[in-house]
Every structure is written in C-alpha cells, then in structure tokens.
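Report on one structure; see the data block that follows.
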Amino acid sequence: MEPRLIDKIVNAAGNLENHVVCEVGPGPGGITRSIIQRAPRKVILIEKDPRFIPSLELLADACRDKVDLDIIPGDILKTDIAQYVPSDIKTEWHDSPPPLHLIGNLPFSVSTILIIRWLEMMSKQEGPWILGRTRMTLTFQKEVAERMAARILDRQRCRLSVMCQNWCSVKYKFDISGASFLPKPDVDVGVVTLTPLKTPIIKQPFKMVEKVVRQIFSMRQKYSIRGAQTLFPPEVREEMALRMYKMADIDPVTRPFQIANAEFARIVDAYAEIVKEYPELEHYDYRAPKNNQKIEEDATAEEQVVI
Ligand SMILES: C[S@@+](CC[C@H](N)C(=O)[O-])C[C@H]1O[C@@H](n2cnc3c(N)ncnc32)[C@H](O)[C@@H]1O
C-alpha cells in the first residue's frame, strides 16, 4: 500500500500519542511504521504468519529508543490482548475511552469473524474491554463496512448493522480501491472506526440479541414477522410471533430494514418475556437440520443471507 494510504488509515484512529496501540496482522509492518511515528506509549503486534516475525523484529530493534514494541506471534482469534496491555490505562466504562486502540488490516475472512467475536466480548466487558471502552480502527470488504454502518431504511441494512450499532458508534471513514493493494483483492476496502457505547440500545444478552435479529433478517424481503415466526416451533409459530409483536408494539408488516434498534430492543425484550414464561422455547433452533426440513419452503437462498 502507498504510504499516503497507510497514513490515512492510521489517521482515522485519531490521536495515538501516549496510547497503547495493538495492531492485529501487521504483516511486513507498513501500518506499524506509521503508528510508531505517532509517538505511542507502547505498540503490541499480533501476527499469525511466522514468516513476518524476523522483519518485525528488525523493525523493533531499529526503533528501540523510540517505542516499546512487543511482538506476539499467534492467532488473534485465540489471543487475549488484555494480558499484554499495562493495566494502569484502565478507565471506567462510563468514562472516556482508555488510551488503547486496536488497529487491523486483516484478511476479510478473519475480520468479519473477529468483529462478531469482539462485539460479544464488548457486550460482556471482557478482553480489551475489561480496560474500558477500547476503540477500534479496522478494514473490511467495502460492502461489509457499508453494512456495518447502514442506518434504518438503508437497503444495505442487515443483521450486522443492528449488531454493530447496538454496542458501538460505527463510523464509515472512507474506502480504498482494491487496486491500491498488493496482492490486489477482487474488491474494494472500507475503513471503519468503532467506539463502544456506554449503554447498548438492546439490553438483553448477546446470544439472545443475535438470535432474534438473525431470524428477523433471515427473510429480508418479506414482512419482518415472517422471519420472527422462525423463532418458534411450527405449532405455535404464528401465535407466538404475533404476541411478541403486539407486546413490542411493532407493526407485523414492517420489513426488517425498516426496524430501528430501539424497536428491536422492544422485540427482544418481548422475546425474553415469552421465554421466561415458556423456557423450552429459548432452545428452539430453526436452523437445526430437523427443524429446517419442511418449514418455509418459500424462503429463497437470498432471503437466508446471514450478513
Ligand atoms: C492483508 S495483510 C495486511 C498486512 C499489513 N497490516 C498491511 O496493511 O500491509 C493481513 C495480515 O494479517 C495476518 N493474519 C491473518 N490472519 C491472522 C490472525 N488470525 N491473527 C493474526 N494475524 C493474522 C496475515 O499473516 C497478514 O500479515
């Protein structure tokens, strides 16, 4: 990537002076060099590919006097970042975010899995979020980045939009043409910053929010109640979904992309009330093979899009 573009990604993170910066997937260290120029207190690099470690060690040696740089060989999906971060940077959740920033230009296949994992950790104030509302600057496939930031009524709005915006303020900063990268990906890249919210809009546990939102978006072209029905077994499906929508005061003919997060909060609260009354319903999984066989034969593959 051109240095100008690398700097643009790092600038998107804001002021990094005296911050602890954790870069995931530094590769040969292009972004790392730009981070070091911003006078951080400490840089933590987590890199899975051992072939990049020697050049990162050379970089660490070259700037020994300038910055404290730790290289952690390993997989970000299996690494607890918090153990490498000095605990004195901790701030309380309702205070300003701590001087800790996560930056990553990871392969798209990893970044999409990672963001869902990180949202769950954030919802429980675990991992890097044990230290406060740790901010992130990450790259995604452009379409994924757009979906993360898509607001109500946007045709890109999907499960990922609702989930990301439930726990974070999401800012789509800019995109970068795939042609700027070597090797060149087939798609363009979107740069997104995420700042955890003090209070999520939907307050139920992560897994429950994920389940309800996923099912409602599972038939994205239809009335949202159609997807909502799949939260319940066939014999009570219509009755329970209608009851849930009545409790939440949502019009059953609303389409999924027309539902605001505050309205999803009412739907998930109503679902939580129903499963409190009928606990066995919480374990019903529409996607389990035996449940999926003959139900909703009219749901096309497109309607079953997950993200
Ligand atoms: C697209 S390259 C980006 C390299 C560098 N950040 C840049 O922008 O030039 C992705 C990097 O992420 C690393 N990576 C891939 N999966 C990873 C994982 N699960 N944990 C840590 N690093 C990973 C790869 O080895 C590679 O160095």
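Note that Cβ sites are derived from N, Cα and C of the backbone, with glycine treated the same way.
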*Can you tell which of ASN105, ASN166, ASN261 TrEMBL lists as binding S-adenosyl-L-methionine with MET1, GLY25, GLU47, ASP75?*
ASN105
_Please identify, from the binding-site residues GLU47, ASP75, the residue with the sparsest Cβ neighbourhood, meaning fewest other Cβ atoms within 10 angstroms._
ASP75
*Rounded to a whole number, what is the top Cα to Cα distance in Å among the residues the record ties to S-adenosyl-L-methionine, namely MET1, GLY25, GLU47, ASP75, ASN105?*
23
_Among all protein chains shown, how many Cβ atoms are found within 10 Å of the Cβ of ASN105 (S-adenosyl-L-methionine binding site), not counting that one?_
23
